[in-house]
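Chemist: Before I ask anything, here is the structure I am working with.
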């Protein structure tokens with residue numbers, strides 16, 4: 001009996017207690033691009049939040065690297081937040097933003113496959129093992145705390161080995177998103193066998209137009225766009241607050257990574273000037289697949305009251321996430337950014353059409369030549385030499 005209780009520790013299923021955490025207000029709550037009216041849609045809000053995959057500290061998994069830690073308690077919170085953001089992208093990719101999880105009901109096979117990407121085993125492509133060991137290539141020792149930018153770089157590199165989800169991961173640099181580079185990456189990486197990879201972007205675009213409306217979609221690799229930012233020096237500059245909140249309203253929103261120094265949260269929305277977040281700082285026991293090949297998912301959804309914090313208490317180091325399944329989604333995102341973000345006198349980030357001339361040439365990332373495939377390749381830190389270290393992002397002018 002004690003083992004059963006331990007398995008489901010920290011799970012609170014009394015919905016009334018959950019909803020009492022929200023004030024009685026006419027204000028809208030925004031969660032990852034969807035709005036909820038508290039007075040009339042509290043149960044829908046609850047369902048929407050609890051449907052997000054929730055990754056927390058775990059214990060009793062196999063030692064990382066064979067001899068490393070068997071728990072990430074105290075150091076893995078930003079890695080868990082990165083997992084949550086990526087998992088939301090995969091849910092949108094395979095099941096759609098409107099899909100909802102229901103407790104103790106059979107879930108789609110795609111859902112189970114997504115969940116298994118994140119189990120705490122070295123053979124799972126986005127496990128704590130893979131992320132921690134890939135972090136060595138970013139200058140982070142196993143067991144060391146990661147910042148938002150480091151997690152973004154790790155996800156970008158691990159995604160190269162994930163053939164099933166087939167994501168193009170773009171991490172902006174110098175607070176600048178380059179439209180030309182993203183379209184080059186997403187189109188090039190998903191070309192059909194009869195389309196030469198070396199064809200220029202203009203030629204590819206013309207070819208797609210001649211083939212009809214469906215060709216453009218089939219030539220687009222789903223995009224995970226991560227924008228690391230520093231919105232101040234020691235604290236967030238209030239001038240960025242409105243633009244930051246606007247990002248949670250965008251249909252492409254995957255929320256934000258951030259929190260406080262050495263204390264990471266996954267921000268999924270806001271109410272007024274309070275950010276709503278999922279907190280990874282709960283230590284649960286490692287969950288593995290069962291005999292039927294599925295994993296018990298009851299501890300991977302947060303049924304506790306959602307936590308909130310005033311946006312001005314946020315550490316200025318953050319990373320915004322967006323998912324664009326099709327090219328039209330990215331085009332729509334660009335329009336929203338131009339309308340809501342670039343209108344500010346002090347812009348949170350820049351969106352430019354062309355690759356800056358003073359930057360090195362853009363080369364779409366490619367999987368290194370290694371002797372194994374998939375997640376198994378990162379069995380030791382020596383195999384990380386194929387990757388170049390990424391520089392940290394710059395501080396925005398304030």
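Note that Cβ sites are derived from N, Cα and C of the backbone, with glycine treated the same way.
Quantities reported herein were computed from a predicted structural model and do not represent experimental measurements.
Below are the features listed in Swiss-Prot for this protein:
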type: ACT_SITE; residues: 77; note: active site, nucleophile
type: ACT_SITE; residues: 279; note: active site
type: ACT_SITE; residues: 281; note: active site
type: MOTIF; residues: 393-396; note: motif 'LIR'
Chemist: Roughly how many Å lie between the Cα atoms of residue 77 (active site, nucleophile) and residue 281 (active site), rounded to a whole value?
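Modeler: Pair distance, Cα basis, whole Å: 7 Å.
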Chemist: If you count Cβ atoms within 10 Å of the Cβ of residue 279 (active site), leaving out that atom itself, what do you get?
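Modeler: Looking across every protein chain shown, the total is 19.
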Chemist: The residue listed as 'active site, nucleophile' has how many other Cβ neighbours within 10 Å of its own Cβ?
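Modeler: A count of 24.
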Chemist: Could you tally the C-beta atoms, other than its own, that fall within 10 angstroms of the C-beta of residue 281 (active site)?
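Modeler: So the Cβ neighbour count for residue 281 (active site) comes to 16.
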